[in-house]
Amino acid sequence: RIMNDIKKGIQYAFQTSNNMTLAMSGSGHTAMECAVFNIVEPGESVLVAINGIWGERVAEIAERMGAKVHTLFKTPGGHFTNAEIEQALAKHKPVLFFLTHGESSAGLVHPMDGVGDICHKYNCLLLVDSVASLGAAPILMDQQNIDILYTGSQKALNAPPGTAPVSFSERACHKMFNRKTKPVSYLLDMTHLSNYWGNDGKPERIYHHTGPVSGFFALRESLAIIAEMGLENSWSHHTEIAEYLWKGLEDLGLKLFIKDKDLRLPSVTTIAIPEGYDWKELLAYIMKHHRIEFTGGLGPSVGMVLRIGLMGYNCNKANAAMVLAALEDALKQCRKSKA
């Protein structure tokens with residue numbers, strides 16, 4: 001019953017009616033690998049949009065399991081137009097296209113409208129990472145024709161880390177369950193997992209692995225909280241607090257890394273490292289004197305940005321105000337270099 005409740009909760013959070021909806025036993029990476037391992041067979045073509053760390057990871061995962069990996073590349077903070085995506089799909093003819101909705105290494109939320117339609121025009125499945133964005137920024141799986149969507153439990157969903165909601169469309173299931181070869185991972189094989197989650201129509205669920213039971217109870221509660229709050233209310237709340245933070249940062253004379261407000265990820269704000277400051281010194285000062293942990297960049301954005309996460313329970317005006325006060329103090333106390 002708990003697992004069935006989780007499935008319903010994920011269907012609401014993802015805005016999907018997909019039967020093949022479940023939670024992986026592991027963090028967001030588990031769902032990432034599950035999607036690639038089950039959909040793609042060795043030698044098949046995969047197209048990966050890289051504009052931060054998550055595209056880099058998917059490209060490596062696909063390469064490791066023997067796919068022919070093609071990439072669309074932008075530096076952190078960049079996004080892809082539908083025309084650029086279509087051109088690459090026509091050229092490489094992939095079975096799968098990967099795009100990050102919430103690129104937390106750059107603080108960018110990627111436009112999704114029309115991407116699924118373009119993928120289907122070229123008989124390609126669309127895989128989307130919404131780990132940092134689900135519950136904080138709008139994403140509509142069925143309406144936007146997303147074939148595989150996954151997220152993590154520990155961001156705006158607010159549950160402990162260790163479970164990863166994922167959902168597969170009927171098109172994705174058709175590809176996944178008509179393979180010539182078995183997926184490279186036994187643990188992540190959807191033939192077994194679909195039975196484990198009661199999604200294969202069989203009367204009996206057979207033991208496959210020991211799931212993170214306590215994590216599932218917590219995930220169920222977090223999905224219940226977001227359902228009670230309402231997705232639209234969760235989205236608008238994250239936007240409201242993010243906008244309050246953005247204004248405060250600009251009032252301090254800081255520059256936001258993502259210039260277009262509509263492309264900013266509400267849950268992870270990125271600040272361009274202020275000129276003349278050592279970013280590591282700023283972070284260390286804030287941690288030591290204010291007991292607040294900011295972070296620098298991640299992967300390709302290291303040395304480019306400071307990142308502030310405000311999501312789920314942590315997303316409120318009092319915390320945003322505390323962040324602004326800590327930054328104001330650090331900018332005064334940390335010495336500017338002469339460089």
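Cβ atoms here come from the backbone N, Cα and C positions, even for glycine.
According to TrEMBL, the protein carries these features:
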DOMAIN    2-315  domain 'Aminotransferase class V'
MOD_RES   LYS155  N6-(pyridoxal phosphate)lysine
BINDING   ARG307  substrate binding site
When neighbour density is defined as the number of other C-beta atoms within 10 angstroms of a residue's C-beta, which of the recorded positions LYS155, ARG307 has the lowest density?
ARG307
Mean pLDDT, the domain 'Aminotransferase class V' (2-315)?
97
Quick check for the class: what is the C-alpha distance, in angstrom and rounded, between ARG307 (substrate binding site) and LYS155 (N6-(pyridoxal phosphate)lysine)?
14
